[in-house]
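The structure appears right after this line, and notes come after that.
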Amino acid sequence: MRSPLIPEMATQEVQLNETLAHLKTESETLKTKLEEERAKLHDVELHQVAEKVEGLGQFVMKTRRTLKGHGNKVLCMDWCKDKRRIVSSSQDGKVIVWDAFTTNKEHAVTMPCTWVMACAYAPSGCAVACGGLDNKCSVYPLSLDKNENLAAKKKSVAMHTNYLSACSFTNSDMQILTSSGDGTCALWDVESGQLLQSFHGHAADVLCLDLAPSETGNTFVSGGCDKKANVWDMRSGQCIQSFETHESDINSVRYYPSGDAFASGSDDATCRLYDLRADREVAIYSKESIIFGVSSVDFSLSGRLLFGGYNDYTINVWDVLKGTRVSILFGHENRVSTLRVSPDGTAFCTGSWDHTLRIWA
Amino acid sequence: MVVEMQDPKSGVRGSEQKLNVTSIPHVITGHDVIAWISTKMKTTTEEAQAFGTMLVAYGYIYPLLNHKKLVMCNDTSLYRFQTPYFWPTHQWVAEDSDYAIYLAKKNIRKKGVLEPFEQAHYNHLHDWLNHKWDFVVMQATEQHKAGKERKKPDRVVFDCQERAYWVVNRPSRHTHSAMDCGPDRLIDPDAQNLSFDHYRRLNMFYQQAIMRSKVKSSVSLGALVKYVTTYKNHDPFLAPCLPSNPWQTDNDTYWTLNMRRVDVPTKMRVERWSFSLFELLTDLRGRDDFKVFLKKEFSGENLAFWEAAEELKWGTASSMLTKAETIFKTFLAPGAPRWINIDGRTMGLTVKGLEHPHRYVLEAAQTHVFLLMKKDTFFRYLKSPVYKDMQKKALSPEAHSFSPAQLEQNAQRRNPGIHPIILWQQEEAEKAKAAAASAPVDVKAVMSKIDRKK
């Protein structure tokens, strides 16, 4: 025989549900109010301000180097501060350090996992970090001795509860910032592997992050499968700004060179520009003929050009100020998975699922 | 979009095509498809071709002759629209058992002659699906019989469609497939049963966001435009870099001229230092020049403090305590050898914080010092003889103009440059020397040394 339902518990549960519903409506109201506040200060559009800026001429960008050597999809790459070396990682677990200028492979490491989705070059040029389905971020010190086995000196730094989607060193070799499929980002001390700060707030996998190029260097932005781009304070772990205008997963975020804005690329086939001081989205870069998602974005040195790598194997170059597409580049035979401009802006590198990397200038 | 293309009136012009003995209806040429896409979406031919290739790669359109190469060619190659039944938008997974049935059927029809990769798949599936194999063979035979009962043109068409479907979903090795995908996302954001706590936090965040001061769009967008204008000539994609872009000419003079420790920097580099204190300090060569100026003014302690604070912030967790102590003794303690002049309140807060140091303990003091330098010292530097001298001395390299033969030579003899590890070791050595040279002089030690010599 069923036991009778205890009356107090029933009312408690009803109360809880009412409060939850109440919170939800409050949430919606606050969200609308925030949009209203943002709109109040919106007195001009970006392309209007950009009217007096002179238009761009024709661009001749070609593939200057093709780096072949990965046996599987290239997933990520990063530049060294020396402006010519790069590190790249692929689906089969291989991480390769190249001198892209001479196209020589200088180091190669085989990770104990597949899908190495994140890799980064240390600011000193003396180490690289990488990770993926092993849920960890490991740091490998590089060596001048070609015969040295780099895996021997490997250091396990970050530990997440799911796949590592992105990693980046801060201003020194001693700290790494990571983002993961477990929905969090974290800051780690490399020497000890200690967790310094964790960042909670995304409601789904976090796919990308970028550190702010500012004087204080205390903030970073992350993008996730919850369609949100969040700006975080590294000191407190708090989310200080949030933008939710994309219609699908955000695959890539990158700061504008001045640090006052950032761009994002998403599966909804658009790139968007967000102004941090005005606290709103200020431009959408899209075209009816572009229906494939953007996998990665980066700015040219002055911030005038935005390069986007797309899943339809192409690269689109946008005029950031006027909002128009300046150029479309072909060459890869499968989707472009990663794109970064070199530290001195002389070229940009793309990695693709067609197993190659290309340098364009 | 694909549906639009097939509209008999406004869609791509179709026609009948004779192939072997039977004729296949509704055939289109690559050229026509590309022209139609180009007009409809107002794009260039190149882009339309790329889009067309996507349509073929995903299996919405299939080529008739070279059925294994999934690209759209801008010529008279023939294509057909795939029947909606086989469209990937349905998102049903191309099951192995279906593939097995297809291969078995093909085996029957072609009496045991399959493509090598198909044969390999067939063998593998035969092992793996062994328990179901009778079912597979039965289905294959049934379909083969049903096929025979159809009219020949219909059967040929269906065979083509089916074959095209499997070329897309089971490509041969070494071909790049558009159907490839990455690991699935872990957390489904829509399936979240968001909690009480989550909404509480979200509402707090919204309230703070509403209260936060924002800047007018005209002001912040104006700043973005200003940044672009300032850096326009320094962007290698917008203005030529002198003497030449190493990636374009295979000559790395541009990099050697801009190395960390050149005696004479280039004019562009010196100009960039004037854009902001942040630029000046980020370029270590610029920071060196700034230090020369500060030494002349006997006000080097601000920058030294700022550098030490940076070391603390970005250093290892274990070095924190010792660094904090050294900084206190050198810059903040009463009577310290390099005492920095900051306001009483900040000094008080910082000293108190140093009792339990953490990596952001010097944040307030560091910001104060940075602002001081930014608003005062930086501008005096730009007007100083130190900077003006540097501007005069700075190099303005001539643009390279290589002949094709020279470019060829350059490509053969690319300079390997210096490895970053070696540069790093050199840098560390230089830093150690500089630290030793500028260490506060221990007067007592010097005195006693002199005494002992007498």
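Including glycine, each Cβ sits where the backbone N, Cα and C put it.
For reference, TrEMBL has these:
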type	residues	note
REPEAT	A:67-108	repeat 'WD'
REPEAT	A:157-198	repeat 'WD'
REPEAT	A:199-242	repeat 'WD'
REPEAT	A:243-284	repeat 'WD'
REPEAT	A:294-328	repeat 'WD'
REPEAT	A:329-361	repeat 'WD'
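Taking the repeat 'WD' (A:67-108) as a whole, pLDDT averages 96 in the prediction. If one looks beyond the repeat 'WD' (A:157-198) by at least 6 residues along the same chain, the residues whose Cβ comes under 8 Å of a Cβ in the stretch are 76, 115, 117-124, 126-127, 129-139, 204-211, 217, 220, 222, 224, 232, 234-235, 237.
Each of A:243-284, A:294-328, A:329-361 was scored by its Cβ pairs under 8 Å to the repeat 'WD' (A:67-108), and the highest score goes to A:329-361. Residues 38-39, 41-42, 45-47, 207-214, 221-225, 227-231, 290-299, 301-303, 306, 308-310, 318, 320, 323 of the same chain lie 6 or more positions beyond the ends of the repeat 'WD' (A:243-284) yet place their CB under 8 Å from a CB of it. Across the repeat 'WD' (A:329-361), DSSP classifies residues as 0 helix, 17 strand, 16 coil.
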